[in-house]
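The following features are taken from TrEMBL:
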type: BINDING; residues: D9, D11, D134; note: Mg(2+) binding site
type: ACT_SITE; residues: D9; note: active site, nucleophile
type: ACT_SITE; residues: D11; note: active site, nucleophile
type: SITE; residues: S51; note: site 'Stabilizes the phosphoryl group'
type: BINDING; residues: C90, H92, C105, C107; note: Zn(2+) binding site
type: SITE; residues: R108; note: site 'Contributes to substrate recognition'
type: SITE; residues: K109; note: site 'Stabilizes the phosphoryl group'
Amino acid sequence: MKNKAIFLDKDGTLIPDIPYNVDSQLITLQADAIEGLKRLQAAGYLFIVVSNQSGVARGIFEENMLKGVEQRIRQMLSAQGIGLTAFYYCPHHPKGIVPGLNTDCNCRKPEPGMLFTAAVEHHIDLGASWMIGDILNDVEAGNRAGCSTVLIDNGNETEWVSGHHRVPTVIAKSIDEAAILMLKSNQHELAGL
């Protein structure tokens, strides 16, 4: 049997968006995330972070510094009784300065590559899973992977470029509100069977 997952964007969704931050002392969870994550965990979802980290390709920070970021997030979630199954990031950017990372790739959102990789490695049913993010590139990646999607409308999406894959299933102000709406949506789908 396959698992169902919540794919979480990191910056601006799971944690406050501090551009290019790799200082673990500055990392905190969004205040409104904990209860929502607990609801979703109780419903049987795995949590997988999928994050664009172009600061590596741009030469702003070293890739190994992301280990401390991952460790801090795992520690904070664990302290709340929440498990993190996996942490994926894309270090690429076509305008980067680091050779080998200054390229187009299939993992940088809105491409769905990180979600596809996670699905294989963790036996994820993408059709039963959700992508939660604060910009439409997150929504597009989730939709292209076959997931349902949530846009956390916190003001971080500033471009609003429309497109077929850029329409979220749910729009919410927080992960907690999203969790309530997602679980309600799942109940309606089950009732329709």
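Counting starts with 1 at the first residue shown.
Glycine residues also receive a Cβ, built from the backbone N, Cα and C atoms like all the rest.
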Spatial neighbours of D11 (Mg(2+) binding site), counting only the recorded positions S51, C90, H92, C105, R108, K109 and Cα distances within 10 Å: S51
Distance, C90 (Zn(2+) binding site) to R108 (site 'Contributes to substrate recognition') (CA atoms, angstrom): 6
Sorted by sequence, non-C90, H92, C105, C107 residues with Cβ within 8 Å of centre, Zn(2+): N52, P91, N106, R108, E111, G113, M114
CB-centroid shell, 8 A cutoff, Mg(2+) site D9, D11, D134, site residues removed: K10, G12, T13, L14, D17, S51, G133, I135, D138, I152, N156
Nearest of the recorded positions (D9, S51, D134) to C107 (Zn(2+) binding site) - Cα to Cα: S51
Assigned conformation of C107 (Zn(2+) binding site) - DSSP reduced to three states: coil
Sparsest-packed among the recorded positions, when each Cβ's other Cβ atoms within 10 Å are tallied, from H92, K109: H92
C-beta crowding around D134 (Mg(2+) binding site), within 10 angstroms: 23
Which same-chain residues, if any, lie at least 6 apart from D9 (Mg(2+) binding site) yet have Cβ under 8 Å of it: V49, V50, S51, K109, M131, I132, G133, D134, I135, D138
Spatial neighbours, same chain, of C90 (Zn(2+) binding site) - Cβ under 8 Å, 6+ residues apart: S51, N52, Q53, S54, C105, C107, R108, K109, G113, M114
